[in-house]
Amino acid sequence: MEANAKQEQAATKKKPSRKKAATAKTAKTAKAEKPAKAAKATKATKAKTTKAAAAKETTKKATGDRFQKTLDATQLYLNEIGFSPLLTPEEEVYYARMAMRGEEAGRKRMIESNLRLVVKIARRYVNRGLSLLDLIEEGNLGLIRAVEKFDPERGFRFSTYATWWIRQTIERAIMNQTRTIRLPIHVVKELNVYLRAARELTQKLDHEPSAEEIAELLDKPVSDVKRMLGLNERVASVDTPLGPDSDKSLLDTIPDIHVSDPAEMLQDDDMRASIGEWLGELTEKQREVVARRFGLRGYETSTLEEVGREIGLTRERVRQIQVEALKRLRDILEKQGLSSESVFT
């Protein structure tokens, strides 16, 4: 009996418990599954990375497609309006009178013949928050408004008047797009009063009015006019340097998506050469004033007041010199069978 007890005790020592056996089995299973889980995780990570790369590539392609479509649409529009013939001064008066009488044919012809003017002006505002097509669209609204308001009996070219309207609508659209703080409604209303006065003076005077001229019309202090018009200034300049250590400006980075026709470029070169010869017939002071006023010889277009500050003369004296110079140029052009209106508009 004692021998049987010893045998049972020995058997118990040799036979592991069920709990220990289960634990050992679990550990063995976990050890076997670990490489499989790691492989599965690696596979999932690779799949995720591949998916992200594919999504990035798709986004890149979609962006490129949209950009290409924008370029194509812009080019198509520019090609279409290239077939619209420009109006002679006589035709301009004729169709403008039709438009004033409410005749749609006259209005349509005035608009279609000046669409290229809108594009020319819109290009100056690229990279300021709106695409070129959006800028052209806004400029076209200004052109339509100019056709509705233009009075051909005042004796000057439509392009002079339309340029003001086109610039105003484009600049207003840019400000609305980029300004983070909106102007209060009462300020906008006051600003519109000054802008309306500026438009009236533009049509009467055949040039962009100064703050002094607007102040005189509205019987307001010049300082108030300058302050309000300052709210309507452009939000950026394409001449702004890209950085403190950069010689390049925004203008240098703007691609020209519409290459000029070679014949048109040669014509422009001939015109520049001719203008140089005509200016050579003027006095030094007259050349300086005309060049600065009309943006010739590398100068930016400037107002009478700006030219006066730059060359140390009063605004009135600059105006007198301009009148004398233009009269002299008209005489020169008429002798050559040309029209001054076709050059200085």
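Glycine residues also receive a Cβ, built from the backbone N, Cα and C atoms like all the rest.
Automated prediction, rather than curation, is the source of TrEMBL annotations.
Taken from TrEMBL, the feature DNA-binding region covers 304-323. Residues 207, 210-212, 285-286, 288-290, 292-293 of the same chain, all 6+ positions outside the DNA-binding region (304-323), place their C-beta atoms under 8 angstroms from a C-beta of that stretch.
Applying DSSP to the domain 'RNA polymerase sigma-70' (134-147) sorts its residues as follows: 14 helix, 0 strand, 0 coil. Here TrEMBL flags 134-147 (among others) as domain 'RNA polymerase sigma-70'.
Residues or ranges marked as domain 'RNA polymerase sigma-70' by TrEMBL: 303-329 (among others).
Positions annotated as region 'Sigma-70 factor domain-1' by TrEMBL: 72-105.
The region 'Sigma-70 factor domain-2' annotation in TrEMBL covers 110-180.
Look at TrEMBL and you will find 278-331 tagged as region 'Sigma-70 factor domain-4'.
On the 0 to 100 pLDDT scale, the motif 'Interaction with polymerase core subunit RpoC' (134-137) averages 90 in the predicted structure. Per TrEMBL, the feature motif 'Interaction with polymerase core subunit RpoC' maps to 134-137.
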- Where else in the chain does the motif 'Interaction with polymerase core subunit RpoC' (134-137) make close Cβ contacts, counting only residues six or more beyond its ends and a cut-off under 8 Å? 77, 118-119, 122, 125-126, 170, 173
